[in-house]
Ligand code: DOR
């Protein structure tokens, strides 16, 4: 009997396929296309304590090498998420991951505390709550905070440490490929009590509008994702998962079952699907069915048989 079950920091996932933050909204639209309960989990759109309207001007561009975005963390804020989105996400009957960003340390800590308190209350009332908190220290598109947290280990340490103190929700930190040393960053997360790390967020990149003679994006740079980054992200997942003892969630350019298997063989406990959701609206259900069929064909009964074998 083939089993796709994963254990992500004590959270049981039906399978390793999680929808990445910022590519799946809060699941509402995709929920009209297929049954979300077949997924391993859903990471919410990136939240911040206060609502944000995001960046002006061009936000997304398709390029021959991948997708570029400069959304700038547009979101309705933590309170609105808790009030208007969490119930329907929980009802989708898959693991719910709240992705939390912030403009400064205080915003991260207060955002995490607010999510945590609301979830404690829900649990006391017998309601399901957020299964994992994904701390986003790696957004490349905001002036305040964002990438500057994710590239400096000591700045990031303070955020992870203080957020850890205000929540008992399993904590996963989303790492930046732009960090000077992503292995050191993952070690720091482990030392500070994070339960998992996810990597990578988008690569800081650039596109110039040659007729306007300026960057195509506000804030000069944008985040690159998609197949172009997969070999580099895979190498980073391999390095990090062999260096730390906490689970690693791999992401970057996954668009096939074979890509998922590569990430698992590199050491990932689970994976996240991002850009491919925009290319194929049925990505989630096709990849779950495809991975099950692949395992049956290859006579792999459990992902533990292949995880980290390379
Ligand atoms: O590429 C990204 N874009 N990564 C993030 O973490 C956030 C997002 C945005 O809102 O700009």
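Glycine is treated like the rest: Cβ placed from N, Cα and C.
The annotation domain 'Dihydroorotate dehydrogenase catalytic' is assigned in TrEMBL to 4-293.
As annotated by TrEMBL, FMN binding site applies to 21, 45, 46, 99, 136, 174, 200, 226, 252, 253, 274, 275. With a 10 A radius on its CB, residue 45 (substrate binding site) counts 20 other CB atoms from all the protein chains.
The feature substrate binding site is assigned by TrEMBL to 45, 69, 70, 71, 72, 73, 136, 201, 202. The Cβ neighbour count for residue 70 (substrate binding site), using a 10 Å radius and every protein chain shown, is 26. In the three-state DSSP reading, residue 70 (substrate binding site) counts as coil.
Of all Cβ atoms in the protein chains displayed, 26 besides its own lie within 10 Å of the Cβ of residue 139 (active site, nucleophile). Annotated active site, nucleophile per TrEMBL: 139, in sequence order.
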Out of 136, 139, 252, the recorded positions in the record, which is closest to residue 70 (substrate binding site) when you go by Cα distance?
139
Out of 21, 46, 136, 139, 202, which recorded positions have CB atoms lying under 6 Å from ligand 1?
46, 136, 139, 202
Please list residues from the chain of residue 72 (substrate binding site) whose Cβ is under 8 angstroms from its Cβ, counting only those at least six apart in sequence.
52, 54, 55, 59, 141, 142, 218, 219
Subset of recorded positions (45, 139, 202) lying within 10 A of residue 252 (FMN binding site), CA to CA, in sequence order:
202
Just give me the nearest neighbour of residue 45 (substrate binding site) among the binding-site residues 21, 136, 274, Cα to Cα.
21
